[in-house]
Amino acid sequence: MRADLAVMITVVVGLAAAHPQQQATAARKTYSEEEGRAYLAKVNVELLRHTNLDALAEWAYDSNITDENLQNELKVSAETARFEKETWAETSKYFWKTYSDPDIRRQFKKLSVLGDAALPDDKREKLERLVSEMSSAYSTAKVCDYKKREKCDLNLEPELTQLLAKSRDAEELKYIWVEFRKAAGDKLRKQFTEYVQLSNEAARLNNFTDTSEEWLEDFEAADFPQQVQKLWEQLRPLYEQLHAYVRRWLHEKYGDAVLARDGYIPAHLLGDMWAQDWSNVYDISTPYPGKQSPDATAAMVAQGYDAKKVFRVAEEFFTSVNLSAMPDFFWQRSILEKPKGRNMVCHASAWDFYDGEDFRIKMCTRIDHQDLITAHHEMGHVEYFLQYKHQPKVYRDGANSGFHEAVGDTIALSVSTPNHLRKVGLLPAGSRDDPESELNYLYSMALEKVAFLPFAYLMELWRWDVFRGKITPDTYECEWWKLRQKYQGIESPVDRSEANFDAGSKYHIIASVPYIRYFVSFVIQFQFHRSLCEKAGQYDPANPERLPLHRCDIYNSKEAGNVFKSMLAMGSSKPWPDAMEVVTGQRKMDASALLEYFRPLVKYLEAENKRTGEKIGWAGSPPHHGDNAAICTGRGCKLAAN
């Protein structure tokens, strides 16, 4: 699962209309539609230049965290903000809503939100500094080794991530979980509270009620939260079956002292810092342990893969379906391994420098199966950049942010199949799939894809309510764990109180990166996959038993790639339902493709959980480590262990 790996794309424009009073009072003359068209051509060129400079400064800081680079980033950002204010003031002079060309109206609409630059300069700089400082604290957080407490140089990437993946010592896992949150979450609570206030102030200056409304405008649908809720209700039964199955195996491994067999799962046991991706507990919960494991890590290591090789393999997939190769600058300027001797933001990210030539990835690549998939995910972003680079600046973005996340993951659904791994020499050529091996594969995919869904949903539910003022600073922690218990069936492994700030240990929270895009991505990537597989002749909806969706590999299918390319080239020039229709023939998000993909696994989980007498869900269960009945009183709450 690569949904936690954020894309650092500099966003200059929004999607809402300017305040009508601002249009009325700012106008000095009536500009014709042709004058408006000429203005857009000019301003798009200037936007490209300023955004390029902004991205270069941001890259310099994120790839080498120093005070000097921070000061330069803030300086360049201030210059960009001044230009944005000037552009916004000029844009407000045009009565663009009266223009006949819908494309002209759409471009003006995208230019009509100033974003954070609407703040007075001192507040805007403070907001940017807060986000930079929180991101830096997260990226430079270090933890002492559990066994050698004098060794205090363990970073999240790669050391803590690897320990969480491999250790089966519950006390060591709990220690890592707690200590990272001390270093990267708790100390950021005050800064985050200030950030929320300033971010909301900027949103209101842009005629939104708060930041949540501004972020939701990306999806161009007033009922979008209701759409997402409906999708989650469709998917919840599958998640609950997976949760019950994994909980049984964890209980067999760790016993009653660590978790209850019928309740919440302690967050430190699932092989991931945030319990959002459960792939690392595959080895202790595999349905058929004696059967083939669809993991390329051993072969990658044996064949001497390095970071560049990982990305060359990813590139070859994209070119096989008639998408673009990476340009020369990509290979010259990307950072694919963590440099020695300097701090950097290791969170994998793809970058567009808006000059039509310079596109990069920054990633501290590990030689393993998971990062092979991550490489395809990040390169999917770059592929999107390449396909819409001809568009005006205001359209150089995904149809919505979920589309941007879904591109590489759609490709990865083919890459991760045992059939494809055999084609590229990462599984034995003579190995064959049987029903039990296939179940193992689907189970491994569910640990990545299905386990993630409630986390992505609840994280944004929490943040939307923070921005709306429904969750206040004195209840941050309590409300976070109430949502994690309700939607994920997860509990803290230790006592928590309002002295803690566990939400702040997640990069996207403190880096101000919207997250519902990942939930959207994990639904629509299966819609894209189903349609592309039909185009490639690899899936037959009339006979899914003969050509099931989970076996599809669109590798080498120009037909599938050309359809995908048509959508990618649109950028955000049309509302996202138009873009979705190009690939899928549908205009709505639909969970049926995901459920179809996992259909054989659903049958297995239901039968197995019934056979072993598992409780499905966790409602009404007493917490093992936290007080589920804790109520936020306005002064915080203590989630006390029994």
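Heads up, the Cβ atoms here are built off N, Cα and C, so glycines get one too.
When TrEMBL records His377, His381 as binding Zn(2+) 2, the matching candidate from Glu357, Glu405 it lists for that site is Glu405. Of the listed residues Cys144, Cys346, Cys144 is the one TrEMBL pairs with Cys152, by disulfide bond. Cα separation, Cys152 (disulfide bond) to His508 (active site, proton donor 2), rounded: 25 Å. Closest in space to Glu378 (active site, proton acceptor 2), of the recorded positions given as Asn64, Cys346, Cys533, Cys552, is Cys346, taking the CA atom of each residue. In sequence order, Pro339, Arg342, Asn343, Met344 constitute the residues six or more apart from Asn64 (N-linked glycosylation site) in its chain with CB-CB distances below 8 Å.
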